[in-house]
Amino acid sequence: MIDRVDNNHFDLVSDYQPTGDQPQAIQQLTAGIESGEKEQILLGATGTGKTFTISNVIAKVNKPTLILSHNKTLAGQLYGEFKKFFPNNAVEYFVSYYDYYQPEAYVPSSDTYIEKDSAINDEIDKLRHSATSSLLERNDVIVVASVSSIFGLGDPHEYQDHVVSLRVGMEIDRNDLLRKLVDIQFDRNDIDFQRGRFRVHGDVVEIFPASRDDHALRVEFFGDEIDRIREIDALTGEIVADREHVAIFPATHFMTNDAIMEHAIKGIEDELDGRLKELTADGKLLEAQRLKQRTTYDVEMLKEMGYTSGIENYSRFMDGRKPGEPPYTLLDFFPKDFLLVVDESHVTMPQVRGMYNGDRARKQMLVDYGFRLPSALDNRPLKLEEVEQHINQVVYMSATPGPYEMDRTKHVVQQIIRPTGLLDPTIEVRPIMGQIDDLVGEINKRIEVNERVFITTLTKKMAEDLTDYFKDLGIKVRYLHSDIKTLERTQIIRDLRLGKFDVLVGINLLREGIDVPEVSLVAILDADKEGFLRNERSLIQTIGRAARNEHGSVIMYADTTTDSMQAAMDETARRRAVQMKYNEDHHITPHTIKKAIPELIASTKTTEDAGKKDDFLETDFDDMTREQQLDMISKLEEQMKTAAKKLDFEQAATLRDTVMELKAQIS
């Protein structure tokens, strides 16, 4: 057990003071929280500094805070911003640690069973451990999370009970410490020293915490007493600091013990017996045989190894939960009086609601056809009503709050004025005929003045074709799509801001929270095609991407003006009028937001070759003379042709794209 520090305070560090309507928003939200208001809405137009406002609120109310975001890109962006605002506090990041995840599934129509397949990102796993350990150690914690936070995580009480606490002068046998480390899933490896491992040299035990990747701990014994504890650089072994006390958290969030495991196995075997009788009585002999074979194998693995592939399907027994009871999640690691902030709530809350149903439908097939026991259905995300039961106090943040939030509270705080005096962008509607040539002209105007462009399309095919077309014209362009891995999207947004390319094409990824002040033009293709991506809320969000630049403008390419288009244009005009009046009254001249480009979370290099091309562009090409650059392009073209001759078309295509980018870079 560890002693949690509850007297820390949030220390907001910023060169700016709240301006515009930020002060009244901060005051109203803070007063609402302090008076016990359970749910509030911050209706903040794009670029009005909602993150800064909520940071001020967090600092004033001093509660552990969960920031819930609807995707990893935005979560990564928010993580960087909050880390900058609170450098002296624990700002953590908690998203799914899978680079790739194929869930277990069964398709009856084709009798196809799909095994679970996944690739875990070690960096994100480290950050997840850092988040949970911080929540148990201190109160000044902000966790920026995706909806991964409502998925099963393991019992926080078991996790905390297994923490190994070490102090200088403490009497403990060295071998007892080693056994404790093994119990909390640490591996001994005296050669390959990594997270979640320890190594032993005589009376010295070095432990690499699961929540760190830079510093390890060196515990020095004198007999059966801890003589000294030192924090060391894991790579060089240099001493960083002396420590009087350390808490070693488990290397996994799913902790158990022999008694729990024994009880769980009994429960699994009892359920298997009952389920086999049901299936046999229903004449489902194949399903019964399949279930018996698979479950018996899992039970044998649990008995012998304490682990089996797919152990999460038995989590109900491991946690000691009753049928239907919700699983433990990140929310259970927070104290009861925590503050929840839902970013882009109009998207996040429907996503939270949909998680349970999608998971249930897939697992029900596995249960019905004898691949899993019915208890596997309890390895699931939380239902919306279960999330609501965890909520102590919540602030929903959005420029366009959804019906869920608006139905739950009338306490709406508006924030329309931007601190920089920036106005909502101007909007033009232009005909679809000749739209691409028109768009090329507009792009070139922006490139000449070092500004960026967002283009949003309706289909992946159109986005890809448009990207290829622009590349052929020598325009530096990238395509942001759903196949891009976890945090590589954040890298792309950062590269756009750095000017490594000028145009970003996307489908529905260029709406909420993508924060690029350098973007002065947003082009919306097929704006008159009513639907999810072109409704009023989506259009307002997309328009908002141009609201951080003093030259911000939006062009909608459409042959008719739909009701959604008109409503979005009317709301934008209303806000623009309010903003212009405020600027006139206070003699403010709008200026583009000057925002530092933050460093990336270290996990952006998620695969073996992720970012190789970008690394090449960054480290070598920019430093070459023009003659060297042309020579490099020539060599790459030769490699491209060689790859094509060998029928390695994937490599050839990668080299082709690189050559096109390099040619555009020097043109």
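Counting begins at 1 with the first residue displayed.
Every residue, even glycine, has its Cβ placed from backbone N, Cα and C.
The domain 'Helicase ATP-binding' annotation in Swiss-Prot covers 31-414 and is backed by sequence analysis. Summarising the annotation, Swiss-Prot assigns ATP binding site to G44, A45, T46, G47, T48, G49, K50, T51 and lists sequence analysis as the type of evidence. If you look up Swiss-Prot, you'll see 97-120 marked as motif 'Beta-hairpin'. For 435-597, the entry in Swiss-Prot reads domain 'Helicase C-terminal', with the evidence type sequence analysis. The domain 'UVR' annotation in Swiss-Prot covers 630-665.
Remark: secondary structure over the motif 'Beta-hairpin' (97-120) totals 3 helix, 15 strand, 6 coil, with classes taken from DSSP. Of the chain residues outside the ATP site list G44, A45, T46, G47, T48, G49, K50, T51, T53, A399, Q415, R418 have their Cβ within 8 Å of the site's Cβ mean position.
Residue environment of G47 (ATP binding site) contains 23 other Cβ atoms, counted within 10 Å of its Cβ in all protein chains. T48 (ATP binding site) carries neither a helix nor a strand DSSP state and counts as coil.
Looking only at the binding-site residues T46, T51, the densest Cβ neighbourhood within 10 Å occurs at T46.
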